[in-house]
Amino acid sequence: MTRNIDPIELAKALIAVPSVTPATGAVFDVLEAALTPLGFTVERFIDGIEPDGPVENLLAVRRGSGPKHFGFAGHLDVVPPGVGWTSDAFAPEIRGELLYGRGAVDMKGAIAAFVAAAAATPVDAGTISLIITGDEEGPAIFGTRALMEHMDARRVTPDMIVVGEPTSVNRLGDMVKIGRRGSVNIWIDVPGTQGHVAYPHLADNPIPKLVKILAAIDAVVLDEGSDWFQPSNIEFTDIEVGNGATNVIPASARARLSIRFNDQHRGAELVAMIERIAHEVEPAARVLGKISGEAFLTPPGELSELVAEAIHAETDICAEMSTTGGTSDARFLHALCPVVEFGLTNATMHKLDEAVAIEDLHRLTAIYRGILMRVFL
């Protein structure tokens, strides 16, 4: 037995509910109302506390008689719309061939497409899970990671997962993500002794020390890339001394840097490397690292092949398998099973007048259904 769900109408219903990260409440009501008639058992959880919570997460499972278990992961939270939209960001509007609204691309549209695809898939074909968080765009502390704990407690473990991130670049289907680089942010704090610039012998200026540290870091070449990854890179993102006076040597100097790294490195090793460099210049320097995620790769195989086949069948495009771009919740989910990311074109995500082509939503629905049928049959 199958049902028909219009992905356009469901996308509009989801977009119409403001859900700036972290998202809770009404937007999950809309999704639950769509899933329950399809035979899904829906559980919702409130995880975390301020300042990074509370976050709402949703796990929906429809068990079938087939042996395979397919998971779809996504997020209902969106980034703030900002000012300057042609129309209300949370009043979905179709103009021409495009559906406008915050989340149309990233990623309420993809969630709507997958629900429509699941509705068109026979209930007994196999087990389908939806793993949906309200915190992917924010700190992601109480989002998918917390949801995975609920999955573990319920012994919900898909054989494979597709994350509905907007991976396509120029045309729907031109790119699938099979991995992502890792990400670590590092803060360096060099202490000094405040004093008058006319009496430098009575002070200890931390700025020259910080400059030496940053120069040494800038000279580091982490690698030349690997089979599936581009070279790792270190980027300085902030330098600050908090000194508004022209005649005062500051008491401290701070810098922040971000490293995007491939599968040749681990986040903790990179933090330790930066700490060694800093301490060679100033033993009292303080270094703090925050790892957002490790690099991961799902080597080309069954999952990427069936996704590519479904894309080609609908679009006649041979999708590129890639690891470019920023981080996503796939960095957590890959610990469960093979994971790839595939969704809409990303040209307008996080931008004013975010929009998705109506045709692309229908095509994505067909591709997702093609993936499900290839998994289950």
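Placement of Cβ uses the backbone N, Cα and C atoms for every residue, glycine included.
The annotation active site is assigned in Swiss-Prot to Asp77. For Asp77 (active site), the same-chain residues that are 6 or more apart in sequence and have a Cβ closer than 8 Å to its Cβ are Ser19, Val20, Thr21, Pro22, Ala23, Thr133, Gly134, Asp135, Glu136, Glu137, Gly138.
The active site, proton acceptor feature in Swiss-Prot is assigned to Glu136; the stated evidence is sequence analysis. The 10 Å shell around the Cβ of Glu136 (active site, proton acceptor) contains 27 further Cβ atoms across the protein chains shown.
The Cβ of Glu165 (Zn(2+) 1 binding site) has 28 other Cβ atoms within 10 Å, all protein chains considered. The feature Zn(2+) 1 binding site is assigned by Swiss-Prot to His75, Asp106, Glu165, with sequence analysis given as support.
Around the Cβ of Asp106 (Zn(2+) 1 binding site), the number of neighbouring Cβ atoms within 10 Å comes to 27. When secondary structure is read from DSSP and collapsed to three states, Asp106 (Zn(2+) 1 binding site) falls in the coil class. According to Swiss-Prot, the Zn(2+) 2 binding site annotation covers Asp106, Glu137, His350.
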*Residues with Cβ closer than 8 Å to the Cβ of His75 (Zn(2+) 1 binding site), same chain and 6+ apart in sequence?*
Ala23, Met107, Ile132, Thr133, Gly134, Asp135, Glu136, Glu137, Gly143, Thr144, Asp329
_Suppose we draw a 10 Å sphere around the Cβ of Glu137 (Zn(2+) 2 binding site). How many other Cβ atoms does it contain, all chains included?_
22
